[in-house]
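Trainee: Take this structure, written in structure tokens, and hold onto it; I'll ask about it next.
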Amino acid sequence: MLFKQLILVATALTTLAVATPAVMRRTEPASSCSTGPVNCCNSSGTAKDGNIAKELALLGIVVPDINALIGVSCSPITVIGAGGASCSSQTLCCEDNKYNGIVALGCIPVDISL
């Protein structure tokens with residue numbers, strides 16, 4: 001009897017896992033970045049991520065949406081498609097870049113490939 005219940009629960013969980021859509025971050029073309037230059041960031045994550053949370057706390061930054069994408073150690077890519085503009089890390093378009101590249105808030109991944 002216990003074995004049947006275990007099989008039933010396992011089947012239900014498997015069905016739920018298959019039916020649940022995966023969370024996907026959208027990627028925008030670089031031309032849609034209206035907040036300034038596209039940034040090349042060493043890493044990105046959310047305010048829930050341990051290292052990012054520590055960095056935000058040290059800077060005294062309170063993020064209203066803990067699920068919003070945050071760029072870390074960012075520098076602007078000023079000329080996209082001009083041959084020299086490249087980023088081996090993550091390219092992001094961010095709304096709030098006033099922290100001297102340490103962090104950038106409200107980011108969306110962008111595609112700089114042509």
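Even glycines carry a Cβ here, placed using N, Cα and C.
Computed from a predicted structure; not experimentally measured.
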Trainee: Pick from Cys74, Cys87, Cys93: which one does Swiss-Prot say forms the disulfide with Cys33?
Mentor: Cys93
Trainee: Looking at the disulfide bonds in Swiss-Prot, identify which of Cys40, Cys41 pairs up with Cys87.
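Mentor: It is Cys40, per the disulfide annotation in Swiss-Prot.
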Trainee: Just jot down the residues in the same chain as Cys33 (disulfide bond), at least 6 apart in sequence, with C-beta under 8 A of its C-beta; none if empty.
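Mentor: In sequence order, the residues whose Cβ lies under 8 Å from that of Cys33 (disulfide bond) (at least 6 apart) are Cys93, Val110.
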Trainee: In whole Å, how far is Cys40 (disulfide bond) from Cys74 (disulfide bond) when you measure between their Cα atoms?
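Mentor: Cys74 (disulfide bond) to Cys40 (disulfide bond), Cα-Cα distance: 5 Å.
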Trainee: Using a 10 Å cut-off on CB atoms, tell me which of the disulfide-bonded residues Cys40, Cys74, Cys87 is the least crowded.
Mentor: Cys87
